[in-house]
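Asker: Dropping a structure here in structure tokens format, bear with me for questions.
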Amino acid sequence: MQLSKSILLAALAATPSLVNAMLPIHIKNYRFIKPSSATNSESDNEVFFVKGVDYQPGGSSGYDADSDTDILSDPEVCARDAYAFQQLGVNTVRIYSLNPDLNHDKCMTIFNNAGIYAILDVNSGNYGESLNRADPSGTYDSLYLSRVFKFIDAFKNYPNVLGFFSGNEVINDQSDYAKIDPPYIRAVQRDMKQYISKHANRSIPVGYSAADNTDLRLATFKYLQCNSLDGNKVNDDLDISKSDFFGLNTYEWCSGTSSWESSGYDKLNSTFEDAVIPLIFSEYGCNKNTPRTFDEVSEGLYGGLKNVFSGGLVYEYTEEANNYGLVKLDDSGSLTYKDDFVNLESQLKNVSLPTTKESEISSDSIYKCDNSAITNIYSGFGTNNFTLPSQPAEIANMIEYGVNGTNTGKILTDYAVPTTFNYTIKNNKDDTISATISYDKANSLNELDVTATTVAKSASTSQSSSRSLTSSTSPSSSTGSSSSTGSSSASSSSKSKGVGNIVNVSFSQSGYLALFAGLISALL
């Protein structure tokens with residue numbers, strides 16, 4: 001396709017605006033992949049393991065949709081916690097509830113520069129902000145999805161967003177929830193992934209966090225990761241609705257009393273050996289015995305399970321009523337490390353993980369949707385023969401045209417990220433720590449261009465060999481119809497290469513000059 005001269009001339013007049021940021025994580029088969037540079041070479045990129053914590057200070061009551069604050073709106077708090085995350089040795093946080101209407105630029109920039117990725121739940125416990133497991137058909141509507149799409153808009157431009165969770169423990173063994181909820185989870189994931197492919201500048205993985213129920217979680221996993229009716233060919237409708245990664249909330253290993261065998265960890269490898277999407281523990285850290293020693297870190301998750309699982313997130317960062325915290329916050333906002341913090345820090349320091357290149361990971365990611373295999377595990381599981389609820393016209397319209405959200409976040413170029421903060425941090429001996437945040441230059445490898453999206457989108461059609469991660473261009477939609485029967489080739493883990501199958505164009509200084517020269521040539 002030829003570029004029009006008007007578009008070419010507009011591009012020549014545009015000046016690139018570059019944002020230094022972390023390189024976004026992508027997926028290949030059952031592994032997360034962290035690019036080693038903006039060239040995104042499979043021979044250099046390495047498998048990424050999540051070493052993280054669940055982060056929701058204040059617990060479920062700490063989120064108020066009517067408030068002008070949430071846990072990522074105060075940069076002073078984020079700087080304090082970024083320091084603690086660095087000392088703990090984590091690279092990822094999971095956040096359960098956020099307000100998509102608030103500005104999160106400073107906090108996400110701090111986390112980016114500190115080397116912290118985020119996995120974000122798109123839902124909250126408020127009315128209209130989640131799928132009601134008791135009434136999925138009545139709550140799968142435009143009110144709910146408009147909030148989900150606004151959430152995606154608010155966070156899609158932060159490269160340190162590792163992924164979104166479409167739901168948390170929606171499918172459980174109460175009532176008939178395992179029967180009625182599964183198709184609606186896939187419907188929400190379909191809608192999210194279609195929206196991302198239409199309105200985001202990159203593929204962002206969409207996953208699901210499963211309840212701590214041994215039989216039900218396996219049935220859920222097989223249902224949510226499948227993308228083929230015959231096991232030989234990917235079905236587009238199934239691929240766009242499958243989970244890109246899968247989280248297990250598991251509390252089976254309790255410090256001091258559990259072992260590899262008694263915890264059931266010895267069965268996890270064989271149970272999930274056929275995974276074609278990344279597996280993590282989205283919550284772990286039994287608190288039956290305190291302080292927790294986290295033996296399951298070195299002996300389990302990053303030990304015997306490391307060939308199948310990709311790490312996990314300890315529950316949880318701050319001490320709440322349920323006594324799972326790693327740190328205690330006082331009324332002034334200052335924090336003190338618990339013994340649990342020190343023990344987890346020690347365990348994470350002693351983790352020894354293999355260095356595996358992306359090129360060593362198979363690209364095969366086909367998994368058969370097998371109704372009998374799923375119902376043999378959990379007889380009451382509702383696959384509905386892998387047919388999904390129809391996509392309401394209002395939702396299809398939002399996917400096509402966007403939700404016109406007023407808040408779209410970005411990494412800041414003119415923000416002097418803080419190295420100190422006005423809170424006191426004490427260790428587990430109650431000694432005050434002299435705290436200074438460090439920022440590794442490696443967290444600014446990605447030069448994101450935030451201009452000239454029209455030209456970049458057009459130019460991408462003639463740059464099929466480019467796999468650069470440095471563009472902020474919006475991919476053209478490949479979904480055709482936004483209806484539930486429409487197909488999409490822009491699934492956020494499609495073919496599990498690069499950042500999905502969306503081709504991006506580099507707009508680093510050298511890349512921009514190369515495009516400039518190409519445009520001149522086209523004009524001539």
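Backbone N, Cα and C define each Cβ position, glycine as well.
What Swiss-Prot records for this protein is below:
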ACT_SITE  Glu169  active site, proton donor
ACT_SITE  Glu283  active site, nucleophile
BINDING   Glu169, Asp212, Arg217  (1,3-beta-D-glucosyl)n 2 binding site
DISULFID  Cys78-Cys107  disulfide bond
DISULFID  Cys226-Cys369  disulfide bond
DISULFID  Cys254-Cys286  disulfide bond
CARBOHYD  Asn201  N-linked glycosylation site
CARBOHYD  Asn269  N-linked glycosylation site
CARBOHYD  Asn350  N-linked glycosylation site
CARBOHYD  Asn385  N-linked glycosylation site
CARBOHYD  Asn404  N-linked glycosylation site
CARBOHYD  Asn422  N-linked glycosylation site
LIPID     Gly498  GPI-anchor amidated glycine
REGION    461-498  region 'Disordered'
SIGNAL    1-21  signal peptide
Asker: Please give me the CB contact count at 10 A for Cys226 (disulfide bond), counting all chains in the structure.
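Answerer: I count 28 other Cβ atoms within 10 Å of it.
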Asker: Just the number: how many Å between the Cα atoms of Cys226 (disulfide bond) and Arg217 ((1,3-beta-D-glucosyl)n 2 binding site)?
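Answerer: Taking the Cα atoms only, Cys226 (disulfide bond) lies 14 Å from Arg217 ((1,3-beta-D-glucosyl)n 2 binding site).
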Asker: What are the sequence-distant neighbours of Cys78 (disulfide bond), meaning same chain, six or more residues apart, C-beta distance under 8 angstroms?
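Answerer: Leu72, Lys106, Cys107, Ile110, Phe111 - these are the non-local Cβ neighbours of Cys78 (disulfide bond), listed in sequence order.
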Asker: Among Glu169, Asp212, Arg217, these being the recorded positions, pick the one whose CA is nearest to that of Cys286 (disulfide bond).
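Answerer: Closest candidate to Cys286 (disulfide bond), judged by Cα separation, is Asp212.
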Asker: Considering only the recorded positions Glu169, Asn201, Asn269, Asn350, Asn404, which fall within 10 Å of Asp212 ((1,3-beta-D-glucosyl)n 2 binding site) when distances are taken between Cα atoms?
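Answerer: Near Asp212 ((1,3-beta-D-glucosyl)n 2 binding site) by Cα: Glu169.
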Asker: Please report how many Å separate the Cα atom of Cys254 (disulfide bond) from that of the residue listed as 'active site, nucleophile', as a whole number.
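Answerer: Distance (Cα to Cα, whole Å): 13 Å.
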Asker: If I take the alpha carbons of Arg217 ((1,3-beta-D-glucosyl)n 2 binding site) and Asn422 (N-linked glycosylation site), what is the distance between them in whole Å?
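Answerer: Arg217 ((1,3-beta-D-glucosyl)n 2 binding site) and Asn422 (N-linked glycosylation site) have their Cα atoms 43 Å apart.
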Asker: Note the Cβ centroid of Glu169, Asp212, Arg217, the recorded (1,3-beta-D-glucosyl)n 2 site, then list each other residue of that chain whose Cβ lies within 8 Å of it, in sequence.
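Answerer: Going along the sequence, the neighbours appear as Asn172, Ser209, Ala210, Ala211, Asn213, Leu216, Leu248, Asn249, Thr250.
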Asker: For Glu283 (active site, nucleophile), name the DSSP secondary structure in the helix/strand/coil scheme.
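Answerer: It is in a strand.
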